[in-house]
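Asker: Relevant sequence annotations retrieved from TrEMBL are reproduced here:
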ACT_SITE  107  active site, nucleophile
ACT_SITE  200  active site
ACT_SITE  232  active site
MOTIF     10-14  motif 'HGGXW'
């Protein structure tokens, strides 16, 4: 049996140093302890959780004179997605799993997963990444200027830190706005399972609706779950719904293989 890796990209608005790769731990525990035995559980080869360079955060200032360059949080797009690309390239070279992985992302991490599928990484060092068979983005940020407008401009701070001050640059980096067809770039993709909770007070329903419609329009097989439970961060903090999404998606692919 060909087993699959489960690879996670954390959120944190591209800049929160308190949210990192360790935030996948509870979800891993829930996946391994899930009471309903399915083919998916025996189809997991391993887990990985990716960090990436972060952008400036006003609440967590750094002194460049005493902070190593590698630890400075001053990243601007495409640095975040480039780091995800490089991390996946490293894992694929080391473990040789090719496309046999489920790429999971929360919030900014969901955005990064779809930026990767949309070809928005800008890597010139010869690294190659095979895209996943399955992507599971939840509570994702996909259309930057639109979400910021619906939130009364209150998201401009972190969007400017991550993508620059020009809103036109935001849209150029938004997964919803990529110029190429997702299906053409992700021809071997089998499933995009998008998740959202009605209790999320940070990312609204139009965000997931627009992204799912775009993917479907491009010919991607899409399933949307809007029955996740909890606030924006509570979902990964608890881990149960993340586990349900991952196991359902993996079970779907394994049964259809």
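Backbone N, Cα and C define each Cβ position, glycine as well.
Please situate the listed features within the shown structure.
Answerer: In this structure, residue 107 (active site, nucleophile) belongs to neither helix nor strand by DSSP; it is coil. On its own chain, residue 107 (active site, nucleophile) has 11, 12, 13, 139, 140, 141, 202, 203, 232 as residues at least 6 apart in sequence with a Cβ closer than 8 Å to its own Cβ.
Within 10 Å of the C-beta atom of residue 200 (active site) sit 22 other C-beta atoms, taking all shown protein chains into account.
The Cβ neighbour count for residue 232 (active site), using a 10 Å radius and every protein chain shown, is 18. According to DSSP, residue 232 (active site) is assigned to coil rather than to any helix or strand.
Proximity of distant same-chain residues to the motif 'HGGXW' (10-14), defined by a Cβ-Cβ separation under 8 Å and at least 6 residues beyond the stretch ends, is recorded for 20-21, 23-24, 49-51, 54-55, 75, 80, 105-110, 139, 158, 161-162, 233, 236.
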Asker: Write out how many residues of the motif 'HGGXW' (10-14) are helix, how many strand and how many coil, based on DSSP.
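Answerer: Counting residues by DSSP class gives 0 helix, 0 strand, 5 coil.
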Asker: According to DSSP, folded down to helix, strand and coil, what is residue 200 (active site)?
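Answerer: Where residue 200 (active site) sits, the three-state DSSP reduction gives coil.
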